[in-house]
Structures are given as C-alpha cells and as structure tokens.
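Enquirer: As listed in Swiss-Prot for this protein:
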{"type": "BINDING", "residues": "488, 494", "note": "Mg(2+) binding site"}
{"type": "COMPBIAS", "residues": "694-722", "note": "compositional bias 'Basic and acidic residues'"}
{"type": "DOMAIN", "residues": "555-614", "note": "domain 'KH'"}
{"type": "DOMAIN", "residues": "624-692", "note": "domain 'S1 motif'"}
{"type": "REGION", "residues": "693-731", "note": "region 'Disordered'"}
C-alpha cells in the first residue's frame with residue numbers, strides 16, 4: 001500500500017531519519033523527519049498556476065507545535081491549539097528566510113509549507129529539524145526550488161564549538177547560533193551571544209556550515225529515489241523589454257537616484273515609473289505586448305542595476321556617503337519624564353521612541369511552551385506604524401516582521417541585563433518606530449539601551465546595533481555600513497550586528513546570493529565593529545551608564561526571604577492573611593516557592609509596613625525589643641496587647657504605669673494603641689509585657705525607672721530557665 005523511502009544518518013552523535021511515501025501523500029512533497037526522538041512532519045503544496053496579475057511570490061511557511069507532542073492537553077477554554085505563539089512565528093520566519101531566495105525568479109504560484117511538531121523528546125530542539133524537513137519536502141515536490149538547504153545549531157562551551165547541543169546544555173553555552181545554507185554558501189544566520197569577539201562568531205558560522213553538509217547529502221540521496229518530476233516552468237524572457245526600457249529611462253533613473261532625501265527620491269521614481277508604464281501600455285488591451293506586472297518587474301531590475309553599478313564604480317552611496325560612514329546620530333533621554341525611562345534615537349531618516357517600564361512579579365509573562373510553563377521577566381515590543389514610511393495601512397496585532405524585529409533587539413539586550421536577584425523587576429521596553437529608512441531594528445537596540453539606563457536598569461554595558469549590506473558583481477564587491485532601505489532591497493545581504501564595546505551579543509544575516517566567502521563576512525564583521533563603536537560613542541553623549549536612582553514614578557521592590565515552612569503562615573487559609581496584608585498596606589506582594597517574597601510599592605512607607613507585618617508572622621519576638629500594639633482585652637489583673645502579628649501578651653496591672661494603678665481601665669481601654677516592651681516569659685512560657693518601661697508619647701525606652709531596671713535584671717536571670725521550659729513544652 002505504501003511506497004516508502006527512508007534515509008538515516010548519524011549526525012552530531014544522534015540518528016537523523018528522513019522518510020517519505022507513507023504520510024500526507026496528496027501533498028506535493030511530504031517528509032517525516034526524526035532526530036533523537038523528536039519528530040516533525042513537513043508538507044509542501046504549490047498551486048498549479050499563478051493567480052491573475054500576481055506580482056510577487058506568495059510563499060507561506062507555518063510552523064506549529066502540537067501539545068500532544070509532549071503528552072499534554074492545551075490549556076484555555078477550548079482545549080485546542082489556537083493562534084501561533086511567538087516562538088512558532090519566529091521558527092516560521094527561521095524556515096522562510098533561507099528557502100525564499102532559492103525559488104526560481106519569476107515563480108509566482110501560491111506555495112505553502114506546513115511543519116508540525118508531532119513528538120518532542122525535550123532534548124532536541126525541533127526548529128532545526130523543521131528547517132531540514134521543509135527543505136527535504138521542497139526538494140521532493142518538483143517545484144522550481146534550487147535547494148536543498150539544511151540548518152544546524154552551534155553552541156560555544158569551554159572554548160569549544162558544539163554542534164547541535166542538547167537543550168539542557170544551552171544555559172551553559174555562551175552562544176546560541178543557527179546557521180542555514182547550501183553545499184557552497186551560507187544563506188542565513190541567527191544568534192545570541194555573550195559578548196563574543198568577531199573571530200569567534202565567524203568561526204561558529206563556518207563550523208555550523210561544515211556541520212550541516214551530511215544533512216544535505218542525505219536530502220539529495222532521498223531525492224534521487226523519491227523526488228517528483230520537475231514542473232515545467234520557464235522564466236519569462238523580458239530581455240527585449242529590458243533593452244527598450246534601458247534606452248528610454250536609464251538616464252532619468254540615474255538622475256532620480258542623485259536625490260538624497262528619501263521622500264523626494266521616492267516621489268521622483270514613482271512618477272518616472274508611472275510615465276514608463278503609460279508609454280509601454282497601449283490604449284487597448286488587445287495591443288498590449290507586456291503586462292503592468294512585467295513592466296514593474298523590469299523597472300525594479302533596472303533600478304537595481306543602476307544603484308549597484310554606481311556603488312561599485314564610484315564607492316559612493318545613494319545619499320552621498322562613502323561605504324563605511326554611519327548617518328548622523330542624535331540621542332536624547334528622559335523625553336517622557338513621567339514614564340520610568342525613555343529615549344529618542346535618530347539615525348539619519350530612521351527614528352525610534354523607546355519607553356521602558358518597570359513592573360513587579362505580577363507583571364511577568366507566563367509562557368506555555370512545549371518544554372513547559374516558564375516566566376519571562378524581560379519583554380521588548382517593536383511597533384512599526386505605517387506613518388513611519390509615509391504610508392497608510394492597517395493597525396492591529398503585530399505581524400511576523402514586528403515580532404521578528406522585536407526578538408532580534410531582545411537578543412541583543414538580554415545578555416547585558418542584571419540578574420533577577422540583583423534587580424528583581426519585570427522590565428518592558430516598547431519601541432515605537434516613528435521614521436524608517438533602513439535598520440529600524442538596530443535603532444530599537446540603541447534606543448532600548450538608552451531607555452533602560454534612563455530607567456535605572458543596571459546594564460553591564462551599553463548596547464548598539466548596525467545593519468550592514470553587500471553589493472557583489474562577479475569578483476567585485478562593496479560592504480556597506482548602516483544601509484538605507486533601498487540598499488537593503490536592491491543589495492545582496494542584510495547583515496545586522498549588535499553588541500557592546502567588548503563583543504557581539506546578537507547577529508542576524510540574510511544572504512540572497514551564492515558566493516559570499518568567509519573573507520567577505522570577515523570584512524563585514526570588522527567594518528560593523530568600527531560602526532558599532534562609533535554609535536556607542538554617539539550614544540554616550542546622552543547617557544553613559546544607568547542612573548543611580550529609579551524614577552520617582554517607578555515601583556520600589558524589596559526582597560525578603562523566609563523559611564519555606566512559614567509560607568503557609570504568610571498566605572493563610574485560602575489566602576486570607578496575604579489578602580489582608582495587601583488590602584491594609586496597599587503593597588503588591590509576590591511569594592515564590594523558595595521562600596523569596598517581593599514587596600513592591602511606589603511608597604517606601606507602604607513597603608516598610610508590609611515588611612513589618614510579614615516579619616511579625618514569621619519571626620519570633622525579641623526580648624528587650626519595643627513594639628507598638630493594640631489593647632484587645634482588659635481584665636482586673638491587667639491588659640492583653642496584640643503586639644506582634646497575631647501574638648498577644650499580658651501587661652500586668654503593675655506594669656501599666658509607674659504610679660500605682662487600682663483599675664486597668666483607668667489607664668487603657670480596648671482598641672487603644674500603646675507601646676510595650678517585651679520583658680520576657682513567665683514559668684509557663686507566656687509573654688510578659690510592660691507599658692511603664694516605654695515612654696507612651698515617643699515609643700522610646702524609659703531608662704530612669706528603677707522598677708524597670710529591677711524587672712530587667714530579674715528577666716535576664718530567668719531567660720535561660722524560661723527558654724528550657726519553652727523548648728521542653730514544644731517537644
């Protein structure tokens with residue numbers, strides 16, 4: 001019934017299996033990939049023909065994690081998987097980026113790649129396996145895909161590169177780098193690092209590229225026995241149109257690209273494009289030799305040819321800069337004084353307002369991942385409204401691009417954050433892109449670094465980012481620093497590098513062509529380092545390190561630790577005690593399983609009141625200490641005072657005042673607030689308090705009362721015996 005084909009190899013000490021022909025046979029391509037005991041199913045379906053007037057390649061990649069893969073039922077009311085998580089979106093992009101450039105130019109059939117994690121062993125991360133399975137399914141499908149590609153993860157532990165480290169090894173690694181490529185070229189890199197130098201990062205890329213070669217061989221072997229016949233697809237021959245357009249418009253396009261202002265340049269190019277379309281489009285459709293889509297495609301190709309040629313020939317950029325110059329930078333902090341921290345970062349025509357907010361444990365984000373529930377204390381959100389590029393558009397939930405750019409900036413900042421123990425706040429940074437002409441994600445990195453320091457977050461060092469580009473024609477190439485939007489779209493590489501003065505914290509690279517050599521990447525990294533140091537120096541004009549004090553509008557958090565067996569006492573039955581503390585003091589209180597208690601409030605007095613309350617529950621009263629209490633009951637022989645949490649003690653009638661007292665209610669009544677001193681414990685372990693030992697107006701000890709001194713001497717003699725009696729009673 002099934003005609004299956006299977007390839008198995010040993011890869012980084014674990015078996016990798018690729019199988020096809022048994023599952024999802026109606027898809028154009030389907031592969032079950034297994035690594036260790038993690039299993040994914042990748043399918044590819046591509047429409048037989050493009051939609052009418054389709055002017056782009058509609059590729060969609062959907063990566064989805066099934067709860068049953070780890071033996072769990074989804075949470076929530078519906079008990080089923082719903083909208084993609086942030087991680088699913090990021091992995092979808094991770095797969096999309098290296099495969100998209102490998103489709104034959106001009107192919108515009110609707111194509112969908114769906115990858116499902118159907119089993120997870122909690123040891124092998126499924127993202128690399130999903131990338132491999134997607135590539136294999138595309139290679140088998142017959143669509144015009146010039147692959148295969150493969151991916152690998154690289155760690156860096158104890159000075160050694162590690163290929164595909166287990167998930168539990170990653171916390172000890174100074175590097176988390178994912179590389180994807182073909183047999184001859186690296187196509188994509190995504191990484192987070194602990195301030196590693198450029199040579200270590202480049203070595204990791206090359207190590208990963210070498211490590212993925214056996215997987216490429218396995219995919220090719222599978223394709224040799226299981227691939228479908230290639231589809232009949234011949235790219236359109238538009239050479240006649242290209243020649244005619246070049247004669248008609250080349251000089252006008254060159255003139256338009258001498259305009260340095262982005263909006264003016266775009267207006268000139270759009271007007272020229274409209275003029276050319278009108279010239280090539282006759283009045284009647286029957287006489288049309290070329291479609292609007294074909295004309296627009298060739299126009300873009302001519303733009304790229306002119307811009308790229310100018311840069312290679314003159315070493316000058318669209319805006320007049322040389323290859324390594326960074327655009328003018330202006331940094332400001334505290335632009336929104338009532339927020340906890342804020343910054344405005346402007347680099348040329350790219351600008352970001354970044355606002356930092358400090359929160360408590362209640363603000364931590366709970367993330368329900370396949371590996372289990374965990375809490376995230378650092379959030380970075382990137383917003384890209386349409387007005388930032390002078391356009392109209394929809395507003396709503398963030399798209400894949402916004403999520404991806406935000407995560408890149410998160411990776412850049414994350415290694416420099418203080419530990420949770422030294423800075424127990426939840427941190428949220430929001431980047432609002434207000435202008436964009438290239439590298440808004442790196443502007444987010446710079447702005448976030450400044451905003452966090454403005455908020456008083458003690459970053460280990462400031463972080464900056466820069467986007468690099470590449471123009472390559474044959475043996476000639478030019479590496480560009482701080483690229484514009486046009487240089488990104490018309491170039492061969494988008495290479496983003498973020499880090500401190502000491503090293504790289506995040507690196508993202510997308511390459512659109514083959515032939516990017518190790519030497520070119522080395523030049524790009526060194527040039528990026530120079531640019532990064534320059535940007536850090538410009539940022540230092542606004543702020544060099546974290547402010548010593550938090551904003552007056554920030555919450556204050558104090559941390560205390562109690563014994564684990566005392567947690568129940570602080571919480572109380574059904575949460576009664578902790579609710580009362582919160583309601584009465586106004587503080588926010590978070591209790592962790594290890595006995596760590598975080599008390600938060602903007603008011604120091606509120607925090608102190610909550611601390612005293614908690615200490616009164618978990619601590620033992622100290623002999624000789626003075627407490628403020630409340631009279632809860634009076635009797636002929638004295639008054640009972642609630643003085644330490646729920647603990648009551650007796651003030652004997654002889655200890656109510658220095659003078660002789662004949663009636664308790666002459667001195668105190670129920671509900672009165674009084675100061676008492678803990679004198680000790682009687683023979684039965686009962687608390688003995690004194691009011692006459694304390695000045696009731698100031699709460700300070702009365703040192704001139706002879707009877708108090710005598711009482712103190714007697715208590716000091718009795719304390720050892722009383723402690724023995726209490727211990728015996730407890731036993």
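In case you wondered, yes, glycine gets a Cβ from its N, Cα and C as well.
In the displayed structure, how are the listed features positioned relative to their neighbours?
Expert: The Cβ of residue 488 (Mg(2+) binding site) lies under 8 Å from the Cβ of 438, 439, 467, 469, 494, each of which sits 6+ residues away along the same chain.
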Enquirer: Enter the number of other CB atoms within 10 angstroms of the CB of residue 494 (Mg(2+) binding site).
Expert: 21
Enquirer: Mean pLDDT over the domain 'KH' (555-614): what is the value?
Expert: 91
